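> First the structure, which I've put down as structure tokens, then a few questions once you've had a look.
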Amino acid sequence: MLSVSLSASASAIASGRARSEARRPGGIRLCGPRGDAPACGSLRLSHAAATRRAVPRAAASGNGAAGGGFDYDLVIIGAGVGGHGAALHAVEEGLKTAIIEGDVVGGTCVNRGCVPSKALLAVSGRMRELHDEHHMKSLGLQVSAAGYDRQAVADHANNLASKIRSNLTNSMKAIGVDILTGFGTIVGKQKVRYGKVGFPDKEITAKNIIIATGSVPFVPKGIEIDGKTVFTSDHALKLESVPDWIAIVGSGYIGLEFSDVYTALGSEVTFVEALDQLMPGFDPEIAKLAQRVLINTRKIDYHTGVFASKITPAKDGKPVLIELIDAKTKEHKETLEVDAALIATGRAPFTNGLGLENMNVVTQRGFIPVDERMQVTDADGNVVPNLFCIGDANGKLMLAHAASAQGISVVEQISGRDHILNHLSIPAACFTHPEISMVGLTEPQAREKADKEGFEVSVVKTSFKANTKALAENEGDGIAKLIYRPDTGEILGVHILGLHAADLIHEASNAIALRTSLQELKLAVHAHPTLSEVLDELFKAAKVNSGVSVNELVAA
């Protein structure tokens, strides 16, 4: 979605009407995280899915005029990756579309998240490889001492964000999306007011409204942010300094990726984690191996089971002070003195000031409540007609590509085709070196589900050490893990730690989305020698009973 080709977009829009008319009205389509909903093929659906209601098709009147006397067929509040994906698909469906943005196009992902962080991680990967003398020698290479220019690295991240932001803006302008500047507020049914400080507000009407306002870094109480020595990921991505010793509060995706960057550039890192183990949320077996590869071999130490109850920025020649208390007893444990502290404790929805009270909508810890179709529900649990919420603001799955998939799903619905996104088919990745990726359930989650529903769970694993391509690059550290139902061949989860894990996971995620069984995947052909054979071996290692298949189970 981020590398939109303008010519491809224009071609898609030109053919979109004919293609959408060829689809069966009211047909149900389920797809995974792929940004291009039309690429999802016809699926074999369960009886329950096949009998779900069809949504009345919106009157599409082209990009020039909205139907039903509205200013727009669709107004999107928020121009991040989710809003962008929804806007492009809406225009393809012939909906007159506007997108309101109070900051800059691209949202968190492009400007303060996924995109600039990958630029920094690209640098850290190169530095890590160049500094690994043993690895270089094993390949027959001799490399002199490698160094870096901090400002040039920072400029690389900033320039990439600017380029992608420009691409997104141009892709919407090229197909006629109206980009409205200001902060959007819902003032009534199908009415939005927007404006910016110093200018009069404007009010527009829309047949449908999507809220896609994203999230901001979450900073716990007691932590003082100065943006220089105590900061969030928003500040860290500017790379204004590389501290000798930095504490990272939180060991999830954000914390892990920044630990990779800072240690590659020469910093020592201390993790502060509230839970009893590092990397909560990852499959426990993968987390254990990742700790051995990504933490224990580097200049990283950690404190688990503790809260950072108070963090004071460095000033007057004094270091950053971090007071740690026991997560259970709340007793003081120790005080850390470090050069800097990165607060990576997750993200909070950005939903204040949207006028939700005008629609009797009450947020839950800041998140906007939605049903499985991303339709906003009010304080009484009723669906608010023509109002949807996607992305971080609804809290279902706080990933940029999940927001885009949700946005496309909503457009499918308002275009007359019922669509429910399978969130278990949406992959996630941590871009460390090596990478970690996952889709579906962890092993504990799968076993809990199996106990409740009465089926068996099996697990198989393969190693990157058995893969020719990984060995050719001397990158044999890694594992792939498959969690599945041996009675049906249904994939429940796949977890990968290893070279290019973030790219490899999509075969598994698409298999879950398309309900492809292991019986079918065992017959798939993979080019040799490639890293994709890691998954080929994984699928072939699964022992599936010669009973009912996943597709027969779905159709029952």
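Cβ atoms here come from the backbone N, Cα and C positions, even for glycine.
Annotations in TrEMBL come from automatic prediction, not curation.
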> Tell me which of Cys40, Cys114 TrEMBL records as disulfide-bonded to Cys109.
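According to the record, the bonded cysteine is Cys114.
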> Give the sequence-ordered list of residues that share a chain with Leu399 (FAD binding site), lie 6 or more positions from it, and have CB atoms under 8 Å from its CB.
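Listed in sequence order, they are Ile426, Ala428.
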> Pop the Cα-Cα gap between Lys118 (FAD binding site) and His528 (active site, proton acceptor) into the table, whole Å please.
28
> If you compare CA-to-CA distances from His401 (FAD binding site) to each of the recorded positions Cys109, Gly250, Gly252, Ile254, Leu256, which comes out shortest?
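Closest by Cα distance to His401 (FAD binding site) among the recorded positions Cys109, Gly250, Gly252, Ile254, Leu256: Cys109.
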> Using the CB centroid of Gly250, Ser251, Gly252, Tyr253, Ile254, Gly255, Leu256, Glu257, Glu273 as the NAD(+) site centre, which other residues of the same chain sit with their CB within 8 A?
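In sequence order, the nearby non-listed residues are Ile248, Phe258, Ser259, Phe271, Met279, Ala344.
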> Among the recorded positions Lys118, His528, which residue has the largest number of other Cβ atoms within 10 Å of its own Cβ?
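Max Cβ neighbours within 10 Å, all protein chains included: Lys118.
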> Using Cα coordinates, what distance in whole Å links Cys114 (disulfide bond) and Gly252 (NAD(+) binding site)?
14
